[in-house]
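Some features that TrEMBL has for this protein:
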- 14-135: domain 'DUS-like FMN-binding' (DOMAIN)
- 71, 202, 260, 261: FMN binding site (BINDING)
- 101: active site, proton donor (ACT_SITE)
- 164-331: domain 'DUS-like FMN-binding' (DOMAIN)
């Protein structure tokens, strides 16, 4: 049975966010106020096959992060088939197909939200992903598919004892209201024909990017037909806090919510008690930095700094501390800066 069917409602999940939901961020969430489900950053299906080994770093996870879903993107059906094998072999709990990213670099190659314009291709991507999952369950191997030996060895190392029963994993979709206007009624019909296990809709069009307000009425407009089809339905966009998420899930008759930007520097957004002492906030910042530095190399250190900045909000001296942290070059300097801040 799909894990989506047995999650307590309302579901409170961490949305996939490129450049954000890396291993360290997910680990801190799981340790602090665990969401119902966590998504990885998205990874291009062709990169999994032809790219450098570092592509796989985004798919590293810890058992504490379960249920965890790997998000993939692209527009090449044959590579969705192959990517499904890899995701299954790595032991993920589900696969999510990105059909909502508005970034021009993704859209101009036919992926992300551009798939709303090509619904038959979108259907084919879902069907090839499902075929890949089923063929993996039936015993087809990555060696038989022709993946190079180095990547196969890397995948074996990443599994590292993770449970890996030969069971089919669920497919979910994350998308938007439309391209230039709201065409969700028609677009969702194409998606429902493929019977995904879960569907998330962000309440903006591609044209809107992240401007304006998310349209929750539009999200709710297909709730009845999606849920009647036995598909878990989630909303996403502009959630402010835990209470806001609960209220929107109930009012708009959704199975749950994916929280995005409200979780930046604020893993407590998934907790009912969001009163956070400064000591707890800064200790969590240090733990985040420690986990990040233990699981990355020095060249990746700059990617941590935006997370440090997000923690430094809403308390006296936050701006000063943030400026000091931006000058740090390793974990030991971060620790010294925070401890000298005095809390």
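Glycine is treated like the rest: Cβ placed from N, Cα and C.
Predicted automatically and left uncurated, TrEMBL annotations should be read as such.
Across the annotated binding residues for FMN (71, 202, 260, 261), the two most widely spaced Cα atoms sit 17 Å apart. Each of the binding-site residues 202, 261 was scored by other CB atoms within 10 A of its CB, and the lowest score goes to 261.
As a summary of secondary structure, the domain 'DUS-like FMN-binding' (14-135) carries 66 helix, 20 strand, 36 coil according to DSSP. Secondary structure at residue 260 (FMN binding site), as computed by DSSP, is coil. The two recorded residues, residue 101 (active site, proton donor) and residue 260 (FMN binding site), show a Cα separation of 13 Å.
Other Cβ atoms within 10 Å of the Cβ of residue 260 (FMN binding site), summed over all protein chains shown, number 20.
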